[in-house]
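Taken straight from Swiss-Prot:
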- 138-165: compositional bias 'Low complexity' (COMPBIAS)
- 249-265: compositional bias 'Low complexity' (COMPBIAS)
- 138-168: region 'Disordered' (REGION)
- 240-265: region 'Disordered' (REGION)
- 29-52: zinc finger (ZN_FING)
- 321-345: zinc finger (ZN_FING)
- 351-374: zinc finger (ZN_FING)
Amino acid sequence: MGFPRILSKNNKIYTKLGEFCLSGDSFWIVCHTCQEELQTQDQFWKHIQDEHNFMHGVAKEHSRTSSYCLTDVEAAAAAATPGSSSQQGATAISVPLALYTCSTKYSEEEQREVEMHEQQVQHQVQQQQAQQQQAQQQQHQQSQQQGHQQHQVQQQQTHQQLQQQRDVAKELAELHANAVAAAAASAAVVSTGEGTTQSNSAIDIKIEPSSLTLTPEMQAAAAAGGTIYHLPQLVPPPVPPPPPGSGFVSVSASTSTSNTVSTTPPNVLQQQQQLNMSVVPSTAMAAAMLAASQEQLPKDSNSTTASAGSAVSSDDGERWYVCDYETCGLKFKYKSRMELHRVVHSKERRFNCELCSASFKQSCNLSTHRKKKHALRGIKSEILPQRF
């Protein structure tokens with residue numbers, strides 16, 4: 001009878017009693033009980049019979065170094081009883097031989113199966129490793145593609161932002177250029193309008209102080225030139241007759257508005273009417289005579305009258321009149337306009353309403369007052385003082 005055998009992956013045959021270890025062409029047996037290593041199968045069976053009493057019929061003790069052969073077994077069997085000992089001897093002889101033959105046969109076949117199984121296992125392991133490597137490579141490629149796509153998206157977003165910033169900058173530049181052009185055009189229009197207004201209203205706004213009077217010749221020249229309106233004078237209260245030898249007498253009446261009224265004798269008025277009917281001289285001669293008369297006029301003691309030092313010449317040769325009241329410093333092309341402006345700085349109210357006690361610094365305010373309060377729409381000559 002034989003022992004059950006199990007072939008493992010490490011080329012070892014396991015039994016209930018011993019372990020068959022294969023190594024190349026030779027093998028050895030390890031006892032499970034005492035872990036003794038034996039070189040041959042006979043030594044192994046002798047060891048288990050002698051040391052561990054496996055056969056239960058062999059009483060002879062053998063040393064571990066003694067050789068175990070069939071002659072010793074036969075001699076032991078002959079010395080024993082015929083019945084039981086013969087059966088024991090037959091068992092002792094037949095079992096080791098059968099075990100040796102079967103173990104050798106099964107070891108070769110099972111070793112081939114184990115080798116094939118190991119090859120299959122190794123092949124499967126290699127396939128799994130290759131699949132894992134391919135999966136890792138695919139993941140790496142996918143991660144690279146995702147990173148590349150993200151980089152492209154970021155570049156596109158950055159490019160779009162830069163393009164938007166450039167578009168906004170262009171729009172702002174265009175708006176700024178349009179605003180500058182519009183401002184320049186409006187400034188040109190305003191300057192043109194101011195120049196036109198000055199040229200159109202230069203004649204109307206020339207107002208000389210009422211206390212200044214001109215000779216009949218100068219008045220005739222001014223009327224002939226057509227540059228200044230000649231308005232009738234206000235009727236003053238009766239005054240004593242002037243002394244002989246004087247062309248005209250100037251009388252100052254102290255009123256609530258400090259107005260100065262000049263009177264002209266009848267003979268002077270007649271001369272004016274005759275001169276007005278005469279031939280009109282040239283405009284240049286009238287302007288020259290008017291400038292000379294203005295230089296010969298006495299200076300007014302009022303603080304609102306322009307001084308001789310207030311005229312300033314510019315780079316282009318034009319003469320400007322500068323307001324010297326404290327820190328005003330406004331420039332005017334005409335002296336009369338500067339004097340009209342300087343009334344703003346003073347407390348003088350030269351224009352009185354003949355219907356009430358109201359007084360005003362400018363004639364326009366008096367005209368508005370008359371229209372709103374008294375519903376009067378008369379000509380300016382009725383409310384304005386003497387102007388030259």
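Note that Cβ sites are derived from N, Cα and C of the backbone, with glycine treated the same way.
Predicted-model confidence for the zinc finger (321-345) is 82, expressed as mean pLDDT.
DSSP labels the residues of the compositional bias 'Low complexity' (138-165) in these numbers: 28 helix, 0 strand, 0 coil. Note on the zinc finger (29-52): DSSP counts are 10 helix, 5 strand, 9 coil. Residues in the zinc finger (351-374) partition by DSSP class (helix H, G, I; strand E, B; coil) as 11 helix, 4 strand, 9 coil.
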